[in-house]
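Data block below; observations after.
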Amino acid sequence: MLKVPKSPVREKETQEATELLSDEDDNEIEEEEEKETKKALELVVVEEGKGDDNSECEEDRPAWGNKLQYILAQVGFSVGLGNIWRFPYMCQKNGGGAYLLPYFLLLLIVGIPLFFLELAIGQHIRRGSIGVWTYINPWLSGLGYACCVICFFVGLYYNVIIGWSIFYLFQSFQFPLPWSQCPQVSNGSSTIIEVQECVQSSPTIYFWFRETLDISDSISDGGGLNWKMVLCLLAAWVIVGLAMIKGIQSSGKVMYFSSLFPYVVLFCFFVKGILLEGAVDGLQYMFTPKLSIMLDPTVWREAATQVFFALGLGFGGVIAFSSYNSKDNDCHFDALLVSLINFFTSIFATLVVFCVMGFKANSLTERCVKENVERLLYLIEMGSLSHDLVPQHVNLSVASRTDYNLVYDVVKSVRDEDFDTLHLNPCLLEDELDKAMQGTGLAFIAFTEAMTQFPASPFWSVLFFLMLINLGLGSMFGTMEGIITPAVDTFKIRKEFFTVGMCTVAFLSGLLFVQHSGNYFVSMFDDYSATLPLIIVVILENIAIGWIYGANRFIDDIEEMIGKRPSKIYYYLWKYISPLTMTLLLVASVAQMCLSTPTYTAWNRTLAMEIDLPYPTWGLVVCGLLIIFAICPIPIVALLRALKIMGNEPGSGLVPLGYEPGIATQEPAHHRPSILRRNGYTLAEDDDGSEQTSPSVSRRIYRESESDAGSPSFEFAPNGLYGLGYSLAPEDDRAV
């Protein structure tokens, strides 16, 4: 049972409450009401802070140990695997340095305002996503449930990636690295040969698809469970469960390592990478802007999508983390700080990736030159080419990349008609750098191949995969908090039991992703379970604050919390600019989905290469169901409330909550308030006017209308139905 401390009365608000009850309509009635108010009512305000001498006890809600823990938690949640393997890919694909301009502009007009919105609303209401959106408007409580469903879907496959990283981490403790060369097998006689699938591809590609995933040829071919990956997935969920079981008391301490360690590794890789041969070529490629690409609408759409997902908007994790803050925390500063840390982390990670990719491209180009020079010498020796085609100053036996390119151009110009029969490659550095890779391809193929060329390669491999594990865990903590916090707040269940049960169910559900076709389901869930549903959720969140709750009213709440008023620009961003931008992004995403045939990338064992395959009919149905299941809680909850099945009606089976600033009180649900309206303020009071002591709770609401003409909706206003505004209660009723 929550004990609410006795708190000093705010003189200004109490005076307003008294004045609105002392109107001159009927002197006798007004005198009686004034006496009642003076005797029984005071504005309940919970003063935050550990050193409050006037408080008998603190609110029974967990809190961050210190501000650094909280910032690291938000940074760990927002800075995830996407900053390492998706942002560099988007930068490479969409014009290098030219991509940074639309990304930064969209971060300012979409990312920071919406991130600030979620931080502020969580800190103000101090509940998870379900409680927050029910507080704003009970008809929108489905938004909170939708956030939980999306978090569950994302957590299922995200922890599989952590499992893959755990497998690679343990494989890194050997020299040479197991993906540095092709395995050898006997052909039935005494001859030892290399595996053909590996020879046709590369050692790193073979190790990823065959040794790690043991992947099937299509999504329809399940192939049974991959037991190595089952054990790694189990280890990943055990780590997450142990870190989350005590809530922020346990996960907050883990953040010191999981959030800071990736920066140490990135710095080490940057120092190592910048000294590698070819690193300058990679950085030059990154910062050479292709300005013509900026006019392509696709670039802006992909930049907006990246901003949207980089900050973790719509998952509920941001709201959950901020709900454990004190009410006077400067959430505006936090929003700017975390957003900029996220942006500069993406830039820094991109520098590291392009240094390593420049080195890898340089190594592959040198190997290509060596192989093709040998081919040229063979053709000259066989008489297929004249030695006169080789410039006199070029010595083919020690030819550089520049020398080979010169010979290649001469031969191609002279033998243009039958040039293809010579089987010579141009060996251009730009061609290797243009081979953009993202996601698992970047982490488990491109980076691992580059690290085989490093001195002391096992050391760098261990560092790299420890970094991936910590980045993944930071995001997983936020994702799981987006489920656990709203569930515990709403249904009042034990956090420890729910966490263990949630991790167990998620592990069993995640077995889908560790069968031999599991990688294809990871891609399916990544493409369809979160993208569109999250955009829809965030648009509705923006509309709920900007239009339903009221942007001005929300700004007033923030001013009351942090002691200073946010810039007026946030009013226009929340009310007009951000919703419009997100709606355009939604339309563009739906259009792209409808105009393109849904496909997935499959590994063909015979060809030893990736090919695009269309989803089978059942696969298309699953893709559609993922989107529907993610957003269906929004209309379903609204329908249940309309039918009075869900809400505060007797027999609903749900415990109604009355929200006060920083307080949640259980209340009876069978009251019908009488209404008193004065000068734009309303006081909702029970007909029975109970003055009983705790645990019976006074059911009165005091709030300001959005406008003088606007009438409050008493279906939503009274306590017992997530009250909007401040609750007034007799002093004796404050212990619940």
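For all residues, glycine too, the Cβ spot is worked out from N, Cα and C.
According to TrEMBL, the feature Na(+) binding site maps to Gly76, Val79, Asn83, Asn342, Leu471, Ser475. Summarising the annotation, TrEMBL assigns compositional bias 'Acidic residues' to 21-34. According to TrEMBL, the region 'Disordered' annotation covers 1-37, 681-714. The transmembrane segment annotation in TrEMBL covers 70-88, 100-121, 142-170, 227-248, 260-283, 303-324, 336-359, 459-477, 497-514, 534-555, 576-598, 618-640.
On the structure: features taken from TrEMBL.
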{"residue": "Gly76", "record": "Na(+) binding site", "contacts (Cβ under 8 Å, 6+ apart)": "Met255, Ser258, Ser259, Leu473, Gly474, Ser475, Phe477, Gly478"}
{"residue": "Val79", "record": "Na(+) binding site", "contacts (Cβ under 8 Å, 6+ apart)": "Ser259, Pro262, Ile341, Asn342, Thr345, Leu471, Gly474"}
{"residue": "Asn83", "record": "Na(+) binding site", "contacts (Cβ under 8 Å, 6+ apart)": "Ala310, Asn342, Thr345, Ser346, Ala349, Leu471"}
Discussion item. Could you check whether the transmembrane segment (142-170) and the transmembrane segment (303-324) come into contact, where contact means at least 3 Cβ pairs under 8 Å with the two residues of each pair 6 or more apart in sequence?
Written reply: yes
Fill in: Residue, out of the binding-site residues Asn342, Ser475, whose Cβ gathers the largest set of other Cβ atoms within 10 Å
Ser475
Worksheet, complete the sentence: Counting across all protein chains, other CB atoms within 10 angstroms of the CB of Leu471 (Na(+) binding site) number 29
Discussion item. Given a Cβ distance threshold of under 8 angstroms, which distant residues of the chain, six or more beyond its ends, lie next to the transmembrane segment (576-598)?
Written reply: 106, 109-110, 113-114, 297, 301, 304-305, 308, 531-532, 535-536, 538-539, 542-543, 546, 614-615, 619-620, 623
Fill in: Residues flanking the Na(+) site, with Cβ no more than 8 Å from the Cβ centroid of Gly76, Val79, Asn83, Asn342, Leu471, Ser475 and excluding those residues themselves
Val75, Phe77, Ser78, Gly80, Leu81, Gly82, Ser259, Pro262, Thr345, Gly474
Worksheet item: Cβ under 8 Å to the transmembrane segment (497-514), counting only same-chain residues 6 or more beyond its ends: which ones?
Response: 152, 155-157, 159-160, 163, 225-226, 229-230, 232-234, 237-238, 240-241, 244-245, 480, 483-484, 487-488, 521-522, 525
Worksheet entry | Per Cβ pairs under 8 Å, the stretch of 70-88, 303-324, 459-477 packing most closely against the transmembrane segment (100-121) | 303-324
Worksheet item: Are there residues at least 6 beyond the ends of the transmembrane segment (70-88) whose Cβ is under 8 Å from a Cβ of it, and what are they?
Response: 64, 119, 161, 248, 251-252, 255-256, 258-260, 262, 306, 309-312, 317-318, 321-322, 324-325, 329, 334, 337-338, 341-342, 345-346, 349-350, 353-354, 438-440, 442-443, 467-468, 471-475, 477-479
Fill in: Residues from the same chain, set at least six apart from the ends of the transmembrane segment (534-555), whose C-beta lies under 8 A from its own
114, 117-118, 120-121, 133, 136-137, 140, 143, 146-147, 150, 308-309, 313-315, 565-566, 570-571, 574-576, 578-579, 582-583, 585-586, 589, 631, 634, 704, 706
